[in-house]
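Here TrEMBL flags 12-30, 97-121, 133-157, 177-194, 231-257, 277-303 as transmembrane segment. If you look up TrEMBL, you'll see 97-296 marked as domain 'ABC transmembrane type-1'.
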Amino acid sequence: MALVLLRRLLQAVVTVAVVITLVFLIFSVIPGDYVSSLMAEKRSLDPAVAERIAAELHLNDPVPLRLGQYLVGILHGDLGLSFATQQPVTEMLGGRIWASFKLACAAMACAIVTGLPLGYIAAARQNRWIDGLAMVFAVSGLSVPGFWFGLLLMYVFSLQLGWLPTFGYGQGGIEHLILPALTLGIAPMALLARTTRAAVLETKTADFIRTARSKGMSEGRLVRKHLARNAFMLILTMIGLQFGSMMGGSVVIESLFAWPGVGSLLIQSVGLRDIPVVQGCILVIVLFFLIVNTLVDVAYLLIDPRIRYK
């Protein structure tokens with residue numbers, strides 16, 4: 001297990017370095033920077049003042065020099081200062097990381113609580129009406145854009161019924177979390193239902209399942225001892241991928257519901273060309289994805305002895 005964690009750590013370091021470098025180079029190559037966006041917003045800004053701002057922010061320095069300084073800063077835990085507010089990026093990300101994590105956990109919980117039973121019931125009733133209904137739901141959940149589903153929820157539960165707030169974080173209460181969590185969780189929920197159905201059907205036709213059933217093992221024990229564990233490996237992979245991508249995949253949903261997370265901050269910063277904040281947001285998203293996938297690998301080792309002894 002220690003070897004797996006060490007290998008994952010080395011891969012994470014390389015991945016983060018490559019992603020940060022690519023993002024930095026992309027924003028350095030495309031036309032325009034923070035000063036040009038500032039001049040477009042404030043047309044009365046004096047060119048001399050704009051030049052002074054660019055010099056203070058080191059925007060005229062060579063790209064390799066700025067990239068090197070940024071990477072060294074990351075090693076010391078310094079993500080730099082925001083061009084727009086001059087706040088440390090780490091402080092700006094602090095509360096927003098928790099807000100995004102909270103939203104991702106709630107959305108994943110909705111997906112698991114609904115998707116797993118739905119997929120299992122569909123597999124248990126294969127080719128019956130409930131199986132068809134479940135698959136229609138799964139296809140619809142994957143086909144309908146998340147923002148459209150969010151707008152529909154806002155219209156019904158906020159504007160028409162008045163049960164839930166339309167947007168915002170409020171005091172962090174659950175009433176503000178329900179609509180964005182359902183909106184973000186609908187696609188993973190549908191995908192998880194399809195994956196669970198496929199995994200259960202595939203495992204049910206395996207030789208060891210037929211052998212256990214021919215020996216007279218009860219259906220309940222068969223499900224608990226063999227079916228659930230073997231089918232769960234594929235399901236766990238899907239849960240890890242979906243949960244890991246939620247920090248970055250919630251960009252549109254956070255903007256729609258004015259949720260103060262990393263995704264909404266990323267959208268604002270891209271519009272301003274606030275490179276340090278953009279880099280910080282992407283760093284958080286990449287690290288979250290890598291951490292979740294590392295935990296999934298560790299779970300594999302604990303669940304399946306065959307992987308542990310390879």
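Backbone N, Cα and C define each Cβ position, glycine as well.
Contact counts against the transmembrane segment (97-121), taken as Cβ pairs under 8 Å, peak for 177-194 among the stretches 12-30, 133-157, 177-194, 277-303. Tertiary neighbourhood of the transmembrane segment (277-303): same-chain residues 1, 4-5, 8, 11-12, 15-16, 19-20, 23-24, 27, 70, 74, 79-80, 82-84, 89-90, 92-93, 97, 101, 229, 232-233, 236-237, 239-241, 243-245, 247-248, 262-263, 265-266, 269-270, selected by CB-CB distance under 8 Å and a gap of 6+ residues from either end. Listed by sequence, the residues of this chain that lie at least six past the ends of the transmembrane segment (12-30) yet keep a Cβ under 8 A from its Cβ atoms are 63, 66-67, 70-71, 74, 273, 275, 278-279, 282-283, 286-287, 290, 294.
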